[in-house]
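Visitor: Sharing a structure, written as structure tokens. Questions coming.
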Amino acid sequence: MCLITEKNPDGYLSAGEIPLPRLYISMAAIFFAAAVVWTYTLYSVFKIHWLMAALAYTKAVSLLFHSINYHFINSEGHPIEGWAVMYYITHLLKGALLFITLALIGTGFAFVKYILSDKEKKIFMIVIPLQVLANVSYIIIEETEEGASEYTLWREILFLVDLICCGAVLFPVVWSIRHLQEASNTDGKAAMNLEKLKLFRHYYVMIVCYIYFTRIIAILLELTVPFQWQWCQEFLVEVSTLIFFVLTGFKFRPASNNPYLQLPQDEEDLEMDEVITESGVLEGIHKVKKTSNGRERQREVAL
């Protein structure tokens, strides 16, 4: 029996995968630096800002373990189980955190409103399990030989589930846009609502571009470039993810002049509106509030 070992002069990785360990460790350092900068800017912030910081750190750690995993594949010809498991855990956590963060920002949670509606909760119940399934599918693909019959099946399942997740996170953004558009027509603070509306539209375009580039363009690139340049697909995906993270952080940065973070001036009004709207017993109740000049202002709640 003859044992054949296939190996390149520099290791067991193919020509298109040889740069990947250095690529992943470099991107891990960049994401970690970006996470540190983001953490340094956090003052008087919402909880979602800390969730965004956790996502950036998790992404950096995931890339670090990914680099170590590829390093051992290149040197030993197979992954070391402990490092591979650590990578899969952080990859699974990163995927869940990414879509939770996108969905929370898309709903305007903490920026526009402070509770999630039933529709938005259903989105979370759909997106998170699907994202877990997509990550599990990815792990199965990583552990399956390309020639195996299950490889193609799980690859197609991963692509389909991932697209469904990406499409689902767009719905909260659309709802936030509609909410702000209606508020800008009826609320006295039209200028502030229009600013938020404009930024949410920009954010919607950002998500669409990010999904389109990382899911569609990257696959087309993988199919068209020569085999020794296959690593370019991973490079472009990681760079586009970094750009998306930076732009999202810039738009939602803790700053006094950021329209997202300008809290409503009448928080008590909003809370009372919610209570009155939820209870039919209180139908027809009027709320009276004194203005700054001492005169009384009456507002009727329409049900």
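Backbone N, Cα and C define each Cβ position, glycine as well.
According to TrEMBL, the domain 'GOST seven transmembrane' annotation covers 19-259. Sequence annotations record features per position, and here TrEMBL assigns transmembrane segment to 23-43, 50-73, 85-111, 123-141, 153-175, 203-223, 235-252.
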Visitor: Are there residues at least six beyond either end of the transmembrane segment (153-175) with Cβ under 8 Å to its Cβ atoms? List them, or say none.
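Guide: Hits for the transmembrane segment (153-175): 99, 102-103, 106-108, 119-120, 123, 126-127, 130-131, 133-134, 137-138, 140-141, 144, 200, 203-204, 207-208, 211, 215, 219.
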Visitor: With contact taken as 3 or more Cβ pairs under 8 angstroms (pairs 6 or more apart in sequence), are the transmembrane segment (50-73) and the transmembrane segment (123-141) in contact?
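Guide: Between the transmembrane segment (123-141) and the transmembrane segment (50-73), which are separate recorded stretches, there is no contact, as judged by 3 or more close Cβ pairs.
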